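Quick look at what Swiss-Prot lists:
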{"type": "ACT_SITE", "residues": "His116", "note": "active site, proton acceptor"}
{"type": "BINDING", "residues": "20-39, 98-101, 191-193, 217-219, Ala235", "note": "NAD(+) binding site"}
{"type": "BINDING", "residues": "Tyr64, Arg67", "note": "substrate binding site"}
{"type": "BINDING", "residues": "Cys124, Cys127, Cys151, Cys154", "note": "Zn(2+) binding site"}
{"type": "DOMAIN", "residues": "1-252", "note": "domain 'Deacetylase sirtuin-type'"}
Amino acid sequence: MLGHAAKLLARARFAIAFTGAGISAESGIPTFRGRNGLWKTYRAEELATPEAFKRDPHLVWEFYKWRMRKILKAEPNPAHKALAELENMGVLKAVITQNVDDLHREAGSRKVVELHGNIFRVRCVSCSYRENLKESGRVFEFVREKELPKCPKCGSLLRPDVVWFGEPLPREALEEAFSLAERADVVLVVGTSGVVYPAAYVPYIVKERGGKVIEVNVERSGITPIADVFIRGKAGEVMPELLRRVKDIMAERNHYG
């Protein structure tokens, strides 16, 4: 299975990756699903909604600042790094992710499409103000702040620039993801349940256009029925080995011209 996946990637004209919470769980970031999704006695799904923010913005921001602190302590794992290396080699053209943790960029991936936003970005609920807290150098000061964050432009509340339950995905990111999927001849799916739509359409678009689907996951998912190659295992263990095999194939090809 690994050998077949490596051949598909090494021969790909335009390969993309599609990642979900499973890849970041190995960096110690709790997923929204299962017992790990609990914070204080709340389920994440109860807090990650526009209604919850309207009702109690203090509570929602407390939850998101806790998540931000967790993510700031986390580091990209070998799977994130392997994907960045595959892009560096010219094998992967982009990483499309459902994660908001910014770990792909931390690992060195350059072309990252974030379908569900980025936890280190904030936006105003009233005007067009947006800020990337990492880029402005305010992230550590921001997570320590006890007051509700206000927009410096209009004074309204700031909210996390992420997609909450019941909200549509950002149109620009979704269009870019679908456009990449339409061009792709291989999609490498890593650590996603494949049940959150419309994001989960990405591998289906590749498949419908005659492309190949490689899946790396600890268990079967909503994507598995369309996968040409299914590799069961932890992404942090599988991906470095897959990278090594792709490198071997490409080195051999270069050697023999």
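Cβ atoms are placed via backbone N, Cα and C, with glycine included.
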Neighbour-count leader, CB within 10 A, binding-site residues: Ser24, Gln98: Ser24
Closest of Tyr64, His116, Cys127, Cys151, Cys154 to Gly191 (NAD(+) binding site), Cα positions, recorded positions only: His116
Listed recorded positions (Arg67, His116), ranked by Cβ neighbours within 10 Å, top entry: Arg67
DSSP three-state assignment for Gly28 (NAD(+) binding site): coil
Cβ neighbour count (within 10 Å, all chains shown) around Val218 (NAD(+) binding site): 14
Cα-to-Cα gap, Cys124 (Zn(2+) binding site) vs Tyr64 (substrate binding site), nearest whole Å: 16
Same chain, 6+ residues apart, C-beta under 8 Å of the C-beta of Cys151 (Zn(2+) binding site), given in sequence order: Cys124, Val125, Ser126, Cys127, Tyr129, Leu157, Leu158
Cα distance (Å, whole number) from His116 (active site, proton acceptor) to Gln98 (NAD(+) binding site): 5
Other same-chain residues whose Cβ falls within 8 Å of the Cβ centroid of Cys124, Cys127, Cys151, Cys154, the recorded Zn(2+) site, in sequence order: Val125, Ser126, Ser128, Tyr129, Pro152, Lys153, Gly155, Ser156, Leu158
Top Cα neighbour of Gly20 (NAD(+) binding site) in the set of recorded positions Tyr64, Arg67, His116, Cys154: His116
When distances run from the Cα of Cys154 (Zn(2+) binding site) to each of the binding-site residues Ser24, Tyr64, Val218, the nearest one: Tyr64
Among Gly20, Gly28, Gly191 [binding-site residues], residue with fewest other Cβ within 10 Å: Gly28
Cβ neighbour count within 10 Å of Cys124 (Zn(2+) binding site): 21
Pairwise CA distance, Gly28 (NAD(+) binding site) versus Arg67 (substrate binding site), rounded so that it is a whole Å: 11
